[in-house]
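Per Swiss-Prot, these features apply:
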- H83, H182: heme b b562 binding site (BINDING)
- H97, H196: heme b b566 binding site (BINDING)
- H201: ubiquinone binding site (BINDING)
- 33-53: transmembrane segment (TRANSMEM)
- 77-98: transmembrane segment (TRANSMEM)
- 113-133: transmembrane segment (TRANSMEM)
- 178-198: transmembrane segment (TRANSMEM)
- 226-246: transmembrane segment (TRANSMEM)
- 288-308: transmembrane segment (TRANSMEM)
- 320-340: transmembrane segment (TRANSMEM)
- 347-367: transmembrane segment (TRANSMEM)
Amino acid sequence: MTITRKSHPLMKTINHAFIDLPTPINISGWWNFGSLIGLCLIIQIATGLFLAMHYTADTLTAFSSVTHICRDVNYGWLIRNMHANGASLFFVCLYLHIGRGIYYGSYLYKETWNVGILLLFMVMATAFMGYVLPWGQMSFWGATVITNLLSAIPYIGPDLVEWIWGGFSVDKATLTRFFAFHFILPFIIAALAMVHLLFLHETGSNNPLGISSNCDKIPFHPYYTFKDLLGVVILLGLYMTFVLFFPDLLGDPDNYSPANPLNTPPHIKPEWYFLFAYAILRSIPNKLGGVIALVMSILVLALFPILHTSNQRSLTFRPISQCLFWILVTDLLILTWIGGQPVEPPFVIIGQVASILYFLIILVLFPLAGLIENKMLKW
């Protein structure tokens, strides 16, 4: 008997997931981002592995080892720039993927959605720890400020911070453990992504109309493999443009100075993809309140399936909800801008208004709009 993709145990699994998978006929380019996130993860793991071969996780030599990679290692500058900008690309794809899920009601696949939220938290943790590794000024102070937020947790907070630091400040122990976690987490993310796919293939993909597509499906290959391939070519084009022409555009100039615990940078801020959450954190003058708001800014995604009140799944035929969705997108862009600004008027009040609006749209206005649209359509 010949071994075919339909009979071989391993090939059979791959076949069901990527070749003969029944896929809705009408899914648009917004469905490309899942595969693009997978590509980003592969690029990050590959470039990260080569960086880890030359990097030393020691406070005295970490900064020098990154310089050594860029100057002395064959194509080290390219690998380092690919890894640094790959993180930005990863988050662009993630946010667009989540936005697609919200717009088209994909969050109603609860298991897939919840695993996705867990994946987002893990990717954010990995990116944060990776930012600490070059041991520049912003690496050190970013690590100090963000880990210090845990001290706001009642009773166990201060002990928890010292436990994470491995001492009384961010030092060698912190850097070593951050490197260890930064190395292992992407592999856990890859495994969890498989679980994400497993749950998705239990239900099948959603589509722009938000209705069942069981009556009209096509095989994933060759139709969507080639469609995804177009996305890959566009993505790699944008990616390599950034890597080769503007490698430092998204970075912070402060991170080109070695970490100095005696000199605080004037504006401590995380990478651009965390600025919206950082703005929400800073909008609340209370430390514990800020930390809760920071966590809730991501965790609020888990409430989408519970707060879905409309009789339609997608926003395709829901004009009020569409307006709210694009206001939410604009609000997130404003929060991202505010997160990069100093804490002074008028930025403080703009950030506070934008933070309130963010939670108001998700928790109140979206469910309300769903009910109004049901009435308008007499459903």
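Glycine residues also receive a Cβ, built from the backbone N, Cα and C atoms like all the rest.
Since this is a predicted model, take the numbers as computed values, not measurements.
Cα of H201 (ubiquinone binding site) to Cα of H97 (heme b b566 binding site): a span of 17 Å. Comparing the binding-site residues H97, H182, H201 on other C-beta atoms within 10 angstroms of each C-beta gives the minimum for H201. Proximity of distant same-chain residues to the transmembrane segment (320-340), defined by a Cβ-Cβ separation under 8 Å and at least 6 residues beyond the stretch ends, is recorded for 99, 102-103, 269-270, 272, 274-280, 282, 310, 347, 350-351, 354-355, 357-358, 361-362, 365-366, 369-370, 372-373.
Residues near H196 (heme b b566 binding site) in space but far in sequence (CB under 8 A, at least 6 apart, same chain), listed by position: T112, V115, G116, L119. Its Cβ taken as reference, H83 (heme b b562 binding site) is surrounded by 21 other Cβ atoms within 10 Å in the chains shown.
Secondary structure at H196 (heme b b566 binding site), taken from DSSP and collapsed to helix, strand or coil, is helix. Between the transmembrane segment (178-198) and the transmembrane segment (347-367), fewer than three CB pairs separated by 6 or more residues in sequence fall under 8 Å, so the two stretches do not touch. Across 33-53, 226-246, 288-308, 347-367, the stretch most heavily in contact with the transmembrane segment (113-133), judged by Cβ pairs under 8 Å, is 288-308. Within the same chain, residues 29, 32-33, 35-36, 39, 78, 81-82, 85-86, 88-89, 93 sit at least 6 positions outside the transmembrane segment (226-246) and bring their C-beta atoms closer than 8 Å to a C-beta of that stretch.
Sequence-distant neighbours of the transmembrane segment (33-53) (same chain, 6+ residues past either end, Cβ-Cβ under 8 Å): 69, 79-80, 82-83, 86-87, 89-90, 93-94, 96-97, 100, 182-183, 186-187, 189-190, 193, 228, 231-232, 235.
Remote same-chain partners of the transmembrane segment (288-308), defined as residues 6 or more beyond its termini with a Cβ less than 8 Å from a stretch Cβ, comprise 98, 102, 105, 107-108, 110, 113-114, 117, 120-121, 124, 149-150, 152-154, 276-278, 280-282, 355, 358-359, 362-363, 366-367, 370.
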